[in-house]
Amino acid sequence: MKTRILVVDDEVQLQPLMQQRFRHKIRAGEYEFRFAVSGHDALESIREDADIDVVLLDINMPDISGLALLAQLPDLLPLSRTVMVSAYGDLNNIRVAMNRGAFDFVMKPINFQDLEVTIDKTARHVSQLRESVHAKAVAELKARFFDNITHEFRTPLSLILAPVDTLLQNPQHDNRTRHSLLTIRRNGRQLLHLINQLLDLAKLEAGSLPVIESRGDVILFVAQVVDSFRVIADQKELALLFSSDTAGLEALFDGDKWEKILKNLLSNAIKFTSAGGRVSVSCQVQEDRVTLTISDTGIGIPAEHLPHIFDRFYQVDTSLTRAYEGSGIGLALANELTRQLGGTVLVESVPAVGTTFTVELPVHSIPEAARVEEQQPVSADAEPWLFTRGQAEADEADATKPLILLVEDNAELLAFIAESLAGTYRVLTATNGREALDIAQRELPDVVVSDVMMPELDGYQLTRHLKNNPTTDHICVVLLTARSAATSRREGLAEGADDYLTKPFDLDELRLRLRNLISHQEKLREHYARQVGSLAPTNGTDEAPPATVQDAFLTKLNQIIEVHLDDSNFRAESMADEVAMSIRTLTRKLTMLAGISPARLIRTYRLRRAIDLLRQGHPVSETAYMVGFENPSYFTRAFKEIYQQTPSEYLMAGNRWP
Ligand code: ADP
């Protein structure tokens, strides 16, 4: 390989000397010299032809000093390196030059043997530098190409999937058409998932897949991901087990990446295990690390393949007739995501016995007062290899839409209903009654739409649990069932279900019923809000508030406040304790029932009772204490803020009992 050397020195006699000393190298095509006798000369030469590997630069030159020229070289020749040439003993200048980025230096009078070694060393460095820059450019180019091409795939795929989804919303299709549409959708989604994985890999490689941590319960999160495979495991007749040595662990972690890693390992475990087998996931927490073990009793991986299974596109069975679908991307992605998060993946496997993947991932403790978003709960996927979040969850952001919980053990049907409702409502999904009950208690949806025949807890039992629990008893329940017999209908209504639809049901009918239920709820809410929230002094016939509030729950709350009426320490939290709910649950329930917060309910009640007491002739300051205001002037302010007059003004206006 040829090294191109630019010698910059005002000593002209150096030129023949160099050519003489290095004549063999020049003749062999290893060195090529160019000479410049001043700084200006050098700049011109570089401008003419920048193909230079090594610059030999004299420090002492009349026009531009070597140090000044050196400062310009990184811009002009970013991929070349400079060796300074200076008089013996000029250590100060040499130090400055080295600090400014010179690669090396030689002393005058020149020792040519030493110079040759220095030139070769510099040339080697330059060539390595160029190789790495080139490799990086190629990687970037590849990543960009990957990015572009994946987008090119994604757009038409979305344009296939969107109309299929719309077609599927039409309940009029016969079974064959519906089946074909579902097949198109399933395969389209699978393809989309593959493309998304490729895109993730490309992004990881280009370093453009950032770690985004948010707060959540790691154990619960993992349990939910495992649960999303329940349907597919049941279909394959596999036992799917989950265990953890810790009940819960609140922490900061990148849920999206955890989900991708787990889903890839779990879908493999299920894919490579046949009916009657077992797939188990366990969580172990040690300080700030979580160890996830995913074991199966499947076909196993022969020892000679184990070192390669994390390679991209690697598959143990590459025969055309292979029994398992796949692309060989999943494990590579899981491995690289784990590495990015600072974790490790290990695999142990015995053919025909089973495989165990052990993933160790770090979690970070939540800093005090951290205000980070909660991890979104994962939904049960129709197909475990379909990890893209559906429209239903995307809409969760719009908190003003009513919240519907759909419970259905047929994953395909669940996805179909969820998607059809997603535009109008926020939709949560569950695949069995037990899961539904958990979600309902946590999220307090406006309506639960539930299948009747389900594993774990059936629709009737679910209804009974919801309607007999004071936290959830206000939630409307719509039951869906294949049984059309009047007895089962009565059964459902007896448990307190609010409405009932027989399968195969008409989607429009479900929509209509939901709309009616929700508008009914809204009317009730407005009604109660008027009753509870109304502060305007009414004419003399006004009664104490509890009598006018029909809803049992609100009556109960009013009774509780009445008992604590003169207790100024009685707050929203105390009220939540009294009804055995968390403050979050109480707030949500009360807001849904009457559009009012617990604190405001207490305050409103106190002020309304104050009116009663004032009318009965109690003096203002006494009334203030009797309704739990520690400070009469604060009472007067609060009173005026809402009634636009002070208590005395109110009395003067002739509002006393006759
Ligand atoms: P894919 O599953 O799409 O082929 P992966 O990267 O997920 O690609 O897996 C690579 C290969 O590793 C699989 O093709 C399979 O041969 C093997 N493999 C992965 N997980 C298991 C498992 N749990 N049991 C048996 N073989 C497995």
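One is the number of the first residue shown, and numbering goes on along the chain from there.
Backbone N, Cα and C atoms are what each Cβ position is placed from, and that goes for glycine too.
Record features (TrEMBL):
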type	residues	note
DOMAIN	4-123	domain 'Response regulatory'
DOMAIN	148-365	domain 'Histidine kinase'
DOMAIN	403-518	domain 'Response regulatory'
DOMAIN	555-653	domain 'HTH araC/xylS-type'
MOD_RES	Asp58	4-aspartylphosphate
MOD_RES	Asp451	4-aspartylphosphate
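When pLDDT is averaged over the domain 'Response regulatory' (403-518), the result is 81.
Put simply, Asp58 (4-aspartylphosphate) is 87 Å from Asp451 (4-aspartylphosphate) when counted between their Cα atoms.
Long-range Cβ neighbours of Asp58 (4-aspartylphosphate) (same chain, at least 6 residues apart, Cβ-Cβ under 8 Å): Val8, Asp9, Asp10, Glu11, Gly66, Val85, Ser86.
Mapped onto DSSP helix, strand and coil, the domain 'Response regulatory' (4-123) counts 55 helix, 28 strand, 37 coil. Around the Cβ of Asp451 (4-aspartylphosphate), 25 further Cβ atoms fall within 10 Å across all displayed protein chains.
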